[in-house]
Amino acid sequence: MIWKRSAVLRFYSVCGLLLLGSQGQFPLTQNVTVVEGGTAILTCRVDQNDNTSLQWSNPAQQTLYFDDKKALRDNRIELVRASWHELSISVSDVSLSDEGQYTCSLFTMPVKTSKAYLTVLGVPEKPQISGFSSPVMEGDLMQLTCKTSGSKPAADIRWFKNDKEIKDVKYLKEEDANRKTFTVSSTLDFRVDRSDDGVAVICRVDHESLNATPQVAMQVLEIHYTPSVKIIPSTPFPQEGQALTLTCESKGKPLPEPVLWTKDGAELPDPDRMVVSGRELNILFLNKTDNGTYRCEATNTIGQSSAEYVLIVHDVPNTLLPTTIIPSLTTAPVTTTVAITTSPSTSASSSSRRDPNSLAGQNGPDHALIGGIVAVVVFVTLCSIFLLGRYLARHKGTYLTNEAKGAEDAPDADTAIINAEGSQVNAEEKKEYFI
């Protein structure tokens, strides 16, 4: 009797110790998120374990691994690490059906468990843009739709035009047939103009399964529009005798056909001097009869457009032509004559026969050179006249011939010199003789 009572006490003591030790053992797990087709790692850890077994089971409560022993025949499930403190397994090529709550069990008294939820992300398919039919006419309303399927959770769609995001769009989300993924679509409405031609409209799909590389679809717009026309002259102030080139700059889609040039609403009056080469109108030897309104017309399959240029031919500037001056050393007065010719005073007949290259050599530097030469000649002439006058003034006075020197009343040489240079007292007695 005593022996039986002692055995019972020992049994309860051992059970109490086991129960007390198991209270400090807890399995630890973490939730896992993986992209569809990826590999999930499920880890269960126990900090204090007295050689108690660990087990992983799937959402259907099927045992996957018991310690290091594989229980379910699934080639996708592999053992990563097995010890008394850790049991880790991997599930490769994860599908949406693998999502759910997995259980790690620690076989103590009682059994302790920890849950880990496996989240599988559905990767959205490459988006597709629909609704564009080329070409689109300028001013039309365009509607583009971007669509993607297979995302879980639902993906986000964003629109960009010229690298600028468009906010005002419509968004629609629908659940797929498997009731796990979503189909998302977005519609963009806008009115196009010629500036949209060649512009890329981008639909971008953002989703957490794509990391930093979003999926995109691009649509390049093709817009047809009427031509725009502008006339560019080769010189801003055309003059008589010059040549003038008018360039008709036209832009349109389709590209405009060869342009049409007219003057004052009619054909060009002088085809010999007014030559059309492509988009250019070349007018040779301008004259006043060329004045008028020139019109350039450009046409494509969408429409027609034109531009006008009013031509005013200016007169040739006045030209100064000085005459050559020959200096003279005589006492006669010197007269300087400058001849000025003006083109407006010439007759109509002479202007019509004028050589357009006759004024090519008369420019600013030649006029300055001629003016400088004239100034030097005038200065030398004036200096010569002044010196000649001084010379004549100094040699003016009384001079005696040889016959006069023998007369009784003839003054001596010294007196004659003095009278020639000094002041004269009696003007009536002086006589002038020239040798």
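Quick reminder: no glycine exception, Cβ is built from N, Cα and C everywhere.
These figures come from a predicted structure and were not determined experimentally.
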Point to revise | Member of C44, C146 annotated by Swiss-Prot as disulfide partner of C104 | key: C44
Check your understanding: Looking at N31, N287, which is the one Swiss-Prot tags with N-linked glycosylation site?
Key -> N31
Exercise for review: May I ask you to name which of S277, S328, S423 Swiss-Prot has annotated as phosphoserine?
Suggested key: S423
**Study point:** As recorded in Swiss-Prot, which of C146, C248 forms the disulphide with C203
**Key:** C146
**Study point:** Swiss-Prot annotation, N-linked glycosylation site - which of N51, N211
**Key:** N51
Check your understanding: Measuring Cα to Cα, how many angstrom lie between N291 (N-linked glycosylation site) and N31 (N-linked glycosylation site)?
Key -> 88
Exercise for review: Could you check the glycosylation sites N31, N51, N291 and say which one's CB has the most other CB atoms within 10 Å?
Suggested key: N291
Point to revise | Alpha-carbon distance [N51 (N-linked glycosylation site); N31 (N-linked glycosylation site)] in Å | key: 25
Review point. Within the domain 'Ig-like V-type' (27-119), how many residues are helix, strand or coil going by DSSP?
Key: 3 helix, 50 strand, 40 coil
